[in-house]
Structure formats: structure tokens, C-alpha cells
């Protein structure tokens, strides 16, 4: 069955475009019905980021859940990993995060978590999706069985304590000057407070949300302001979260960005040395740099690759028993602590290493030199350009040229008629020639099919 609503990270789209109050109401009803098992009183935790449309979607979801007899616990603006954690700790049947993650304010989304704090399986999402297109009027609760909604106090403190417990109790961040960029998003209150409680000298930016400025020229997808602030304040480290704080990138004391691949390298190596790796392996996606794979191999650590998307990384981790995984974009999953990506918890592990080693971030977090990587997109109108004989030949020729010295990844986008061509290797000029050859062949095939 093709999926009309759910993508790789819940339901996401333009607010009042795809994401309407009507859809949110229906999602609340369908998800509420899907998770009402047993005779106990059922309840759902709902959190959100700071987008203007969050109010609209939150109220519609509340109406949907309460109409099928579910009680609603509202926690307000909170990081996605906090909502996942609270869903489990508050013994809820379901968790919901209203967010479009790193997108700008015009978009919004609905992420769903099961009772243990994990994102829903494909099968459960399909079950909910089927109900979205049918009438649920006959399944609504009777008047005396409707749900109630209440706002929960103290949830910020719960997440702060949870995050602090991922570090040794005796560890202090005293002496570290930290610039934190919360992307004007969900973490704008809790993360600066947590860093202060741990003893850091905290300088905060991206902590003045107005409903419109989430991820706007700030956060993990736009770290330029953070880089400048780190240099200006002569800070030891910068931390950039995205709008819902499930991804992170760091900035060293020189103002240089440290991406998710470098974070996987430093955490993987450090945890292996400390005997904390569950197995000698790290899970990443097909987009992670070949330099990471080579570095880990030199440390006796395998790199397992999955399709793009943190849900696939987590699935592989749970299936094979690995406890470190993530994406180059900064989704870092440490399954000893979390059931989903947690940007702040990942950053704390690196801060702990910096304190332990007594060395600057530029030394701690630069474990390998990334190979030159080139990514180009080819748009097409119709047909199947990847089946064209000229394209197949160009790909085969490219693989021969890069054999042993690089790799190719050619994949169609899951959301638009675009084919992404990524190449990386030791020689940038060769990689560029190979990628351009494939792009030209795809362009010719697309033009012929138009």
C-alpha cells in the first residue's frame, strides 16, 4: 500500500496545507483508537516545538484524542526526545510531538511514539493511515467516557534530570564556556538550564522564539551565527540543536563545524576504549562519509549502513544489538539512554570527553579527514531515468574509476521527482568527473522521456 500521509518521520507538510486542523483531529481519533488496549484509563502525552501553528494542531489533536476517550497530558514546548522519554516514564499509551524538526515555521508535523517511547512501526502507521480515510463517527466515545485534558507541570525538571543522569555524578562542566544555539525551538528553556546546573559558563542564542523564527538563520542547519559567537566569546565549544532538538552539530573553539560523522567517530572510539560499546560496531546511513568508515575500521569498529532516516538506523541498532548510531546531519542515537535521537544527550557525552581529556574540542572531535564528497540532483518529469542504458553505462564506468578509492550512491528522492547523485573519493577531480558524467546521462534520459 502506498502511504498517503506518513513519511519517514511521521506526517509532515505545510501548516494549513497538508497539516490542517481536520487532519490533526482525525489523527488523534485514529491513533487513539489504535492504542486503546486493555481496560485501564488510556492517556497520551502531547508536546510541541515553538511554531505558530502548534497551537492550532495541539487543540485539534486534543479534540481528537478526547473524543475517543483518551486523556491528554500536555507538556508544551519540549524536545522530541523529552516527549519520547515522558511517554514511557508517565506510563502513557502514546506520545505525540508536534514539529517539523529542522524545517522553517511554515511547515509542521505530527510524530507518534508508542508506550515505550519508540517511533511507530510501518505496520502500525499503516493501520492508522487506513482509519484516516474512513468515517470514525460510530467509534467515538459515549458522553460519559470522553477524555480529559490537563497541562503537566515540572516536565522541564524531569528532562533536565534525565539528561544529567547520562553523565557520571561526579562530572562537572565547570571551567567550560559553552555557547548553545537552541534554534528558537523546543529546547530554548531546558537545555541552557541543564548546562548551567552542570556548572558550565553558558551563553545562549536562539532562545527567543516568536512563532516565526524557528530554525531561521540559526540552529544545526544554519550554524554561521554560532560559529561567529564562539569566536567572539572565545568559548570552548558551541552546540547547535535543531527546532525539536533531536539533532545536533558542534562547533570547536576555532569556530569550525563538527558534523554527525565526526561525533559518531569520537563517541564510537571513546566508548570502545571504555568498554561501553555493546558490540564493535556503529550504525550510520548510506550518506555517512567513507572517511568515517575507514577511521572506524582502523579502530576495529565496523560501520553498518542503512537507508537515509534515523528510524532505519534505530531499527538496525535494535535488531542487531548496537548502542551507537546516527546520521551525518546530527541525528545521534545512544540507545543506552534514548529511544530516539537526542541532540543534547549526544552533546553531553562529548562535553564529558573534553573534560576527561583536558584537551580542546578541535583535538577531541577531529578524528578523521572527510573524503571529498559531491552531491548533485537531477530533476525529471516522467519515466524511469535510472533504467536508461546510457545511465546504467555511466554508473558502471564511474564505479570502475572509483574502485577501491571511493564510492557512488545514486538514489531517487522519496518526496519529489529528483534523483540524487553522490560521489566521494580520494581524488576530488576524479569524483567530480564521475558525478558529472552520471548527471549528464540522467539529464539526457530525462529529456528523452519528457
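Just so you know, glycine gets a Cβ as well, placed from its N, Cα and C.
Sequence-distant contacts of residue 101 (phosphoserine), defined as residues of its own chain at least six apart whose C-beta falls under 8 angstroms from its C-beta, comprise 9, 12, 80, 109, 242, 243, 244, 246, 247. As annotated by Swiss-Prot, phosphoserine applies to 101.
Swiss-Prot lists 101 with the feature active site, phosphoserine intermediate.
Take the CB of residue 244 (Mg(2+) binding site) and look out to 10 A: across all protein chains shown you find 35 other CB atoms. Annotation note: residue 244 (Mg(2+) binding site) sits in a coil segment as assigned by DSSP. Among the features that Swiss-Prot reports, Mg(2+) binding site is placed at 101, 242, 244, 246, with the record citing sequence analysis.
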For residue 101 (phosphoserine), which of the three DSSP-derived states applies: helix, strand, or coil? coil
Counting across all protein chains, other CB atoms within 10 angstroms of the CB of residue 246 (Mg(2+) binding site) number 34
Starting from the Cβ centroid of 101, 242, 244, 246, which together make up the recorded Mg(2+) site, report each further residue of the same chain whose Cβ lies within 8 Å of that point, ordered by sequence. 49, 79, 80, 99, 102, 185, 186, 241, 243, 245, 247, 341, 343
